[in-house]
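What TrEMBL records for Asp278, Lys288, Pro306, Asp307, Ile308, Leu309, Phe325, Lys339, Lys343 is CTP binding site. Annotation comment: TrEMBL describes 2-167 as domain 'Flavoprotein'. The feature domain 'DNA/pantothenate metabolism flavoprotein C-terminal' is assigned by TrEMBL to 186-396. The region 'Phosphopantothenoylcysteine decarboxylase' annotation in TrEMBL covers 1-190. If you look up TrEMBL, you'll see 191-400 marked as region 'Phosphopantothenate--cysteine ligase'.
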Amino acid sequence: MLLCVGGGIAAYKALELVRRLRDAGARVQVAMTEGAQQFVTPLSFQALSGLPVRTSLWDSAAEQSMGHIELARWADHIVIAPATADLIARLAGGHADDLVSTLCLASAAPLTVCPAMNHHMWLHPATQANIDLLRQRGAQVVGPEDGPLAEGESGPGRLAQVPQIVAALAHPDSAVPSVPSSDSRLRGVRLVISAGPTYEDLDPVRYIGNRSSGKMGFALAQAAAARGAQVVLVAGPVQLPTPAGVERINVRSAAQMRQAVMDALPADIYIGAAAVSDYTPKVVCPQKMKKTAQTTGMSLELVRTPDILAEVAQQTGALKLVVGFAAETHDVATYARGKLVNKRLDLIIANRVGVAGGGFESDDNAATAYWADGEREFASMSKAQLAGQLLDLISQRLDA
Ligand code: PMT
């Protein structure tokens, strides 16, 4: 792990990060910017990491033991903590005028950026544009958190908690989303999101279900809450942890999901990310259905479930935006546009299912969004990243 420490007051928290990363089994090489050395001495990092700290491109002794290009190749992962506004800008601009920026430019390793700065600097459109650029290039952004800042003010700008940074490095999808971004259009907006599968019981033992893991809907709920939205998450039977600040209502069947969604209205936005069963058994057997020696096959009589999304979309007065998903194996655009029109939606997010690396269960997803007179494609990325980009689009469509 190459830990690059930027020049902010939160640099002292990077000392703890070194310890926790080493506890987790990582070998940690620290590189510091000149600014970082104003806050913490390289010696402190050396004592905790057990390795001499790299501070300059022009250190001939250090370059002789491992040149900076070699070091950039050595890293399996680069984490920048704290990432200051200036460091983020220089990374976005592709600068290579000091050791840290050169290492980042010369490395193909995954990059995790943990911003920490004054909240006005974080919310400035320049910083937001720079961090978005890093995200688009695949960087994972962890934090910042909202709270009291060193200068006595309060706002989004605190370095994410060290355990959260370590967890995000181990499991990229658990990353704490940046709060809040300059996009504050979702602040205070009430959002109802459905997620996960539904289970339609056949008897006390068996059910009809589907492959939805809930990851996409939970990622949307987490990202929306981080942007200050008031989020109600109606979740089918999945074991995912409830994102911070989200009100979760657990349901099992399509009928229960419909009831929970209707009870959660009125809302400003509804996002139907759940894979709701289209059919349910006409009769639920109170006892376990038994096979007999004579029965070689069996037929089940199924009846349609209510279409929750279409029903929500009919409540035009209550909602500002109704967003559906379309999970398709083929003819994605045609089916998605059909659902947009037939269910009277404002926006539909279509994704291909039944392929590796996307759709159900996967940690990643690619999608195309369709609305009446437009569409936008989203390349494959983690569901956490996709959720952030979909919410950007949803915010824009709110104003359309
Ligand atoms: O949970 P994951 O493993 O992350 O996977 C979810 C996903 C990544 C595939 C997700 O993006 C997705 O596509 N979810 C919706 C899947 C789905 O059921 O699509 P559909 O095409 O069958 O349904 C269309 C829309 O109608 C959906 O918004 C669905 O919530 C809604 N619907 C469907 C049937 C029904 N009875 N009521 C509904 O509200």
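Just so it is clear, glycine is given a Cβ too, placed from its N, Cα and C backbone atoms.
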Check: Under a three-state reduction of DSSP output, how is Lys343 (CTP binding site) classified: helix, strand, or coil?
Finding: coil
Notebook entry, point to check: Around Phe325 (CTP binding site), how many other C-beta atoms are within 10 angstroms of its C-beta?
Noted result: 26
Next item on the list: Tally every other Cβ atom lying within 10 Å of the Cβ atom of Pro306 (CTP binding site).
Entry: 15
Next item on the list: Mind looking up the mean pLDDT for the domain 'DNA/pantothenate metabolism flavoprotein C-terminal' (186-396) in the predicted model?
Entry: 94
Check: So of Asp278, Ile308, Lys343, which of the binding-site residues has the fewest other Cβ atoms within 10 Å around its own Cβ?
Finding: Asp278
Notebook entry, point to check: Record lists Asp278, Lys288, Pro306, Asp307, Ile308, Leu309, Phe325, Lys339, Lys343 as binding CTP; longest Cα-Cα distance in Å?
Noted result: 37
